[in-house]
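Written out below as structure tokens is the structure these notes cover.
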């Protein structure tokens, strides 16, 4: 065999460079979703692992049995529908709150002096690297009936009886906004800092009010940042487990928590898989939107 | 009076909102009282108690071990992915590749965790590997999602780089891998350090993925804390939580420090080069 021919069989450098991360992500990120899809069509079984195979091979016949029972079960039980709606509502409202609070913060950072910007960014970024679990836990002590917030309000004489905040939806909103706020601020800042100020100056020279030029120039220009930030908050919050588990109460119905219980407490892997498939189907549009946006950011050389 | 604008007010209020709860928790970890909400004077007893807790210490070591492996692997994998995204412009499946790199950033953790566990179970049935779930499977899970963060950080830096230096090296006959290791890597080193520390912190912090893919006997620190926290607020947990905050803050500070020092060095080099050129032009004119 000639050396040239041998070389063709060996992967060329370029293929190795692309292949290694591709293979890893394919094997440990993409392929698992197909397995979830497969198991969502299986039946629960008392075995290890606790589900039945969906295909069988006997007498030269390949039989694939798709059991739709899990999906029918999901649509019949009101608990699951309520959990999906609860998650979507929680995610939508939290995203809006994060946007309302985060936009002015990102704007202020983008307008600060260069040295100040790095320090402020560090201050915003640091909590995202710190245990979300611990930051949520910190709120448990503050929001509980005999916690600091109630103590403070009682001391001021605003209330006589302690307010029930912990274990309600309000506590979950506080926890979610608190945990995800940096994920809104960072992409917004990255976008706002690139803006050309001469546009705003031109607008004010032409007699536009500050608010008007903000609304007509800054906001439309920051569209990509708003989309990226909103998706970074919305998508993970839909599947959030830790925050509703620690801060939420019986009224808090969220799909991440239900999936967790279905999997760990009821050990019903097929139903848990079906829950995940439906959740993914709901999120597919926002995920594609985020990926497109991110691809534009990553490729566009400004 | 631009300094007291609405956005500045929101910034400081927001920062207070972010930091006050953590500060309060740290202060209360020094509370001598057994009741979490009643202040009973300063004390270190909850910290001293931690050292005797063998189970907790074991989980701390396990978490640190996984975080180290994750940081190394995620930087390697994430850097290659970022390089492909920014430098290899055209190949089949590029859109899919880009999607695969960024999707772990947003994917709800319960979905990623569940799907990875089902993969491991299926693989164990099919090829007998992994025989048992533990440090190795948690490492794989963490590496997958941390490399997405590294890819974003590194690709931002790669896009800013001046391509002409790499091109010059190639023109002078350097092989691509040599250019990558001798020129590209040193130039993006601060972002690699930042990405590595970020992965370390993220891995140290993860509860949901680890809960899904760990086996019996491989409890990580967040899992340990979570099972304690579920039962309510306790002074010991305040102490553990404060120590975790301290560790991560130190790592963040170093990440910031490395990035800043590299930036200053670069600025100085540019300034020096400019001064030299100016003085040369001057002396040339004088002569």
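One-based numbering along the chain as shown.
Cβ coordinates are placed from backbone N, Cα and C, and glycine is handled just like the others.
Panel annotation: around the transmembrane segment (B:9-30), residues 36, 39, 42-44, 46-47, 235, 238-239, 241-242, 245 of the same chain, lying at least six beyond its termini, place a Cβ under 8 Å from a Cβ of the stretch. Per TrEMBL, the feature transmembrane segment maps to B:9-30 (among others).
Here TrEMBL flags B:60-255 as domain 'ABC transmembrane type-1'.
Residues 97-98, 101, 135, 138-139, 142-143, 146-155, 158, 180, 184, 188, 192, 195-197, 199-204, 220 of the same chain, all 6+ positions outside the transmembrane segment (B:66-85), place their C-beta atoms under 8 angstroms from a C-beta of that stretch. According to TrEMBL, the feature transmembrane segment maps to B:66-85 (among others).
Summarising the annotation, TrEMBL assigns transmembrane segment to B:97-124 (among others). Same-chain neighbours of the transmembrane segment (B:97-124): 81, 84-85, 91, 130-131, 133, 137, 140-141, 144-145, 147-149, 151-152, 206, 208-209, 211-213, counting only residues six or more beyond its ends whose CB sits under 8 Å from a CB of the stretch.
The transmembrane segment feature in TrEMBL is assigned to B:136-158 (among others).
With a threshold of 8 Å between CB atoms, the same-chain residues lying at least 6 positions outside the transmembrane segment (B:179-202) that come near it are 67-68, 70-72, 74-75, 78-79, 83, 142, 145-147, 149-150, 153-154, 156-158, 161, 165-166, 169-170, 248, 251-252, 254-255, 258-259, 261-263. The transmembrane segment annotation in TrEMBL covers B:179-202 (among others).
Listed as Cβ neighbours of the transmembrane segment (B:239-259) (distance under 8 Å, sequence separation of 6 or more from its ends, same chain) are residues 22, 25-26, 29, 46-47, 49-50, 56, 190-191, 193-194, 197-198, 200-201, 204-205, 221, 225. Residues or ranges marked as transmembrane segment by TrEMBL: B:239-259 (among others).
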